[in-house]
Amino acid sequence: MTKVLVLYYSAYGHIEAMANAVAEGAREAGATVDIKRVPELVPDDVAKASYYKLDQAAPIAKIEELADYDAIIVGTGTRFGRMASQMANFLDQAGGLWAKGALNGKVGGAFTSTATQHGGQETTLFTIITNLLHFGMTIVGLNYGFAGQMKLDEVTGGSPYGATTITGGDGSRQPSENELAGARYQGRVIAETAKKLHG
């Protein structure tokens, strides 16, 4: 059975919600799915004072586990148009896997969130995708089979490069049904692609 890892970092819960939707989509395709998060780098007292969502159910990932999966779908909020340092720090530890070619041929994808419509969604996706390409992975985005990314009747995330959500400057906006549908779609397509490639 196809094994999929949804690997994420979420400070305020928006990416956690998107990760759960990505996982739902992958499960719809018949994959076995694990949802894991990367370690927090912000000290606990600072995270609490900043109202970080610290009660997330997903276990902490270990770098050596990445080789166990057929597909890895990576999500993180943006930090100035790039992936959050927590995710970058985790992926930077994959040098040993890279040196062995342990991730070559695996399927990868990316999803993100920004505070505003033009807050760096696509550049953040590119920073994730660039890492995955260097690992030797085959990238699957959010193709136009998902018609929701063409919507003009509401503010919505979504890009051919990956599922996205818009949080609002104060973080009060939660992922919309359309954005969650995009995440589910991407998860399903990635799992289907991994099944075709890896059986």
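Glycine residues also receive a Cβ, built from the backbone N, Cα and C atoms like all the rest.
The annotation FMN binding site is assigned in Swiss-Prot to 10-15, 78-80, 113-119, HIS134 on the grounds of sequence analysis. Secondary structure from DSSP puts THR78 (FMN binding site) in a beta strand.
TYR12 (NAD(+) binding site) carries neither a helix nor a strand DSSP state and counts as coil. Within the same chain, the residues at least 6 positions away from TYR12 (NAD(+) binding site) whose Cβ sits under 8 Å from its Cβ are TYR51, TYR52, LYS53, GLY77, THR167, GLY171, listed in sequence order. The NAD(+) binding site annotation in Swiss-Prot covers TYR12 and rests on sequence analysis.
Taken from Swiss-Prot, the feature substrate binding site covers TRP98, and the record attributes it to sequence analysis. Cβ neighbours of TRP98 (substrate binding site) (same chain, under 8 Å, six or more residues apart in sequence): HIS134, PHE135, GLY136. TRP98 (substrate binding site) falls within a helical segment according to DSSP.
As annotated by Swiss-Prot, domain 'Flavodoxin-like' applies to 4-190, with the evidence given as sequence analysis.
Once Cβ contacts within 10 Å are tallied over all protein chains shown, the binding-site residues SER10, THR78, SER113, THR116 are led by SER113.
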